[in-house]
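Please read the structure below before turning to the comments.
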Ligand SMILES: CC[C@H](O)CC(=O)C(=O)O
Ligand SMILES: [Mn+2]
């Protein structure tokens with residue numbers, strides 16, 4: 001089996017888990033370690049992408065351009081990617097990110113909204129960047145819909161399209177089905193991004209590779225939104241055992257995960273009740289910190305809020321629904 005291209009997104013998806021508090025010094029040290037380990041792509045930005053530092057998504061403690069500057073200065077032979085969510089980010093930010101020296105733009109939208117991405121892929125290409133399309137909440141749509149959305153992204157200039165399991169809701173069979181169908185319908189690379197709500201981040205990523213994924217994501221120690229991601233160091237260890245040669249130095253990764261990343265966790269990323277409920281109900285992982293805050297404020301069980309968000313089919317960008325749901329649940333409780 002061909003080795004997949006690994007993107008480490010500790011410094012982007014992991015940003016959600018630490019309320020967007022990475023410092024330029026932290027970014028510099030993690031990027032230099034990942035570069036020393038020969039990780040091909042390193043993603044750096046606010047958890048919700050360029051321009052994500054807002055009241056709704058959570059403000060960053062440090063200016064993201066200072067983080068990107070440090071990433072580029074320390075990238076060695078690796079490439080730097082940044083995430084971009086249309087609406088949160090705008091075209092001038094793509095131009096600025098290219099001027100700062102990033103290599104790849106990853107354009108993320110809900111998995112039925114590829115049609116809004118054209119101008120951003122075109123801008124990224126005009127700015128000389130590699131391009132990735134990120135189909136978020138891919139569990140909500142059948143494989144055929146994802147394949148059509150991927151085709152649109154390909155036609156706009158994407159070099160790769162990812163099936164993104166934003167809620168950690170997929171199981172190996174549903175990953176295989178989606179990745180294989182997308183792979184069949186486009187001639188660019190296919191990627192897979194996992195979350196660990198049902199304990200399947202590694203298993204699902206392996207299923208994706210077996211179904212033909214060319215690119216995969218991981219984060220050190222699994223640091224990421226909600227239940228976290230597939231730990232990059234575990235992925236590399238498993239791929240080594242499968243005789244899939246990534247060229248990545250496992251020892252450097254394990255040391256970085258243990259000594260640099262583990263100390264910054266704000267809470268243990270275990271499969272607790274809230275994380276399992278999020279995956280089971282198919283709710284966007286980045287909602288969890290906001291859900292916990294709302295649950296505390298309204299004295300509710302977070303699981304009740306998560307389940308109701310699932311029933312309402314909330315998607316990324318609808319963080320304001322969390323308070324609405326909490327208020328509604330409280331009101332119902334009071335009339336009982
Ligand atoms: C828009 C940000 C989001 O966290 C992207 C992502 O990693 C996901 O949907 O899993
Ligand atoms: Mn994610």
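Keep in mind that glycine also has a Cβ here, set from the backbone N, Cα and C atoms.
TrEMBL entries are annotated by machine, without manual review.
Within 32, 166, 174, the residue that TrEMBL lists together with 12, 13, 193, 284 for binding substrate is 166. Secondary structure at residue 193 (substrate binding site), as computed by DSSP, is strand.
Each residue in the domain 'Pyruvate carboxyltransferase' (4-254) has a pLDDT score, and their mean in this model is 98. Compute the center of the Cβ atoms of 13, 193, 195, which mark the site for Mn(2+); besides them, the chain residues with Cβ within 8 Å of that center are 9, 164, 165, 166, 194, 217, 219, 224, 225, 229, 230, 285. Long-range C-beta contacts of residue 195 (Mn(2+) binding site), restricted to its own chain and to partners at least six residues apart, with a cutoff below 8 Å, comprise 165, 166, 167, 168, 201, 224, 225, 226, 227, 228, 229, 279, 285. The substrate site is set by 12, 13, 166, 193, 284; from the centre of their CB atoms, other residues of the chain with a CB within 8 Å are 9, 16, 47, 108, 134, 136, 164, 195, 224, 225, 229, 285, 286.
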